[in-house]
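TrEMBL has this to say about the protein:
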- 84-189: coiled coil (COILED)
- 48-173: domain 'Autophagy-related protein 16' (DOMAIN)
- 226-267: repeat 'WD' (REPEAT)
- 268-309: repeat 'WD' (REPEAT)
- 310-352: repeat 'WD' (REPEAT)
- 361-393: repeat 'WD' (REPEAT)
- 394-429: repeat 'WD' (REPEAT)
- 453-481: repeat 'WD' (REPEAT)
- 482-514: repeat 'WD' (REPEAT)
Amino acid sequence: MAKTCKSQEEIACEAIKHALKALRKRHLLEEAAHGPAVLALSRPIASQGSEWKEKAENLQVELQQCYKAQSRLSEQLVVEVAESRASKALVQEKENAVADLQKELTELRDECSQLKEDLEEKIKSLELIISENSELKAQLQQMTTKANKAEAENKMLIDRWMLEKMKDAERLNEANALYEDMVEKLKASGLEQLARQQVDGIVRQSEEGAEFFLESNIPSTCKYRLRAHEGGCASMLFEYNSSILITGGQDRLVKMWDTNTGSLCSTLHGCLGSVLDLTITHDNRSVIAASSSNNLYVWDVNSGRVRHTLTGHTDKVCAVDVSKISSRHVVSAAYDRTIKVWDLMKGYCTSTIIFHSNCNALTFSMDGQTIFSGHVDGNLRLWDIQSGKLLSEVAAHSLAVTSISLSRNGNVVLTSGRDNLHNLFDVRSLEVCGTLKAAGNRVASNWSRSCISPDDSHMAAGSADGSVYIWSRSKGDIVGTLKEHTSSVLCCRWSGIGKPLASADKNGVVCVWT
């Protein structure tokens, strides 16, 4: 069995060897058969090899050029990519800006719509106002027509009233003429008796209220401290032959006080500005106030009502006085550079004096025919009340005159000035007969008022330090200094019966001294 198997393997190997030999033989035969063909084919290929080599070299050169072109294109592509990126970033920014602008445009459109709505509302309101305005114009036209009619009626009534006034004035002139004739006759009959009674130019016994007169003492004690006005109190005076004190202040009020008890008697209303000066008629029936409202106000003391409002000044009225022989004539000075003379019976201005320097203070002479005025330029001037002519003038102070006071006998006038001096002038010669001053005395304002005692023996003046200084006329020395005020003292007044002395300051406080 084993022999049989080996023989088969040997047979197979031999068969394989035989097959290989056959294949080799066949291959050789085929090579021999194909040799001429291969040779024939190899000859043109060999001849074309050089051409292909040249082509290959050319292609190699072209390939190198292509590589170079590709390199340049790559570089250009990199640049263009960078530019493209920058352009893309710029486009992105533009897109963002466009988005912001679109957002802002949307907001503006919303705001515009809101403004349109507001405008429509305003237009509606304007139309309503125009309609109301047209109605008001129609009403105004009607009122104007009525006012014109009323004005015509008023003018007719004023003409009739003026005619009646003129008739009254004629009757009064006749009565005054009769009265003056009687006075002249009485003067002629009693001339010798008056001459016997006259002492140093003072006719004591012939003066009204002489029985009330007492010699003035030097005050030293503050009897009452009155909170008289809100704001400053720039003016005050006593009723004639009375202890009733009248004060005026920045609160536009005029008040009357009983200095015996320190109580308020009455208050006069109606002034439309600060009260800068006061005066009273000799019968104590009318109080007259100079006001910063450019007007003068005349009150009836008994009723407390305004009798007259004297208009005509164009600036604040800072000084006023009434004639010492008649309750009819009043003189006033204002910062419009005018001095006006008024007739209280007629209720209007009778003459006007115009001067280049404003007047701060004035007073009538004893005979009522002359006006003493103190001016901002420091001069004291005398005017004739009838003609309005300047009679005389003297340089009283180096700075503005703030106050003028006439002595009881009418022979001496006291002036105070911003140069802190108080000068006494002889009325007859206009010469200085005395100068009063003190180390601490400083005049507080352009309307600081000083005064002379009723017996003409002492002078009093307030100071910016709150003190009141009292001088002796005969010696020219300070005989008293009163300290109670806490602010600048603006004015001082002595009662015509000898006491008390009153002073007022910038806080509206009034002190009554005995």
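Using the three backbone atoms N, Cα and C, a Cβ is placed for every residue, glycine included.
Automatic prediction, not curation, is the source of TrEMBL annotations.
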Segment proximity, the repeat 'WD' (310-352) to the repeat 'WD' (482-514), 3 or more C-beta pairs under 8 Å: no
Intrachain neighbours beyond the repeat 'WD' (268-309), with Cβ under 8 angstroms and 6 or more residues off its ends: 208, 231-232, 234-237, 239-240, 242, 246-250, 252-256, 315-322, 324, 327, 330, 332, 334, 342, 344, 347, 361, 447
Per-state residue totals over the repeat 'WD' (268-309) - DSSP helix, strand, coil: 0 helix, 22 strand, 20 coil
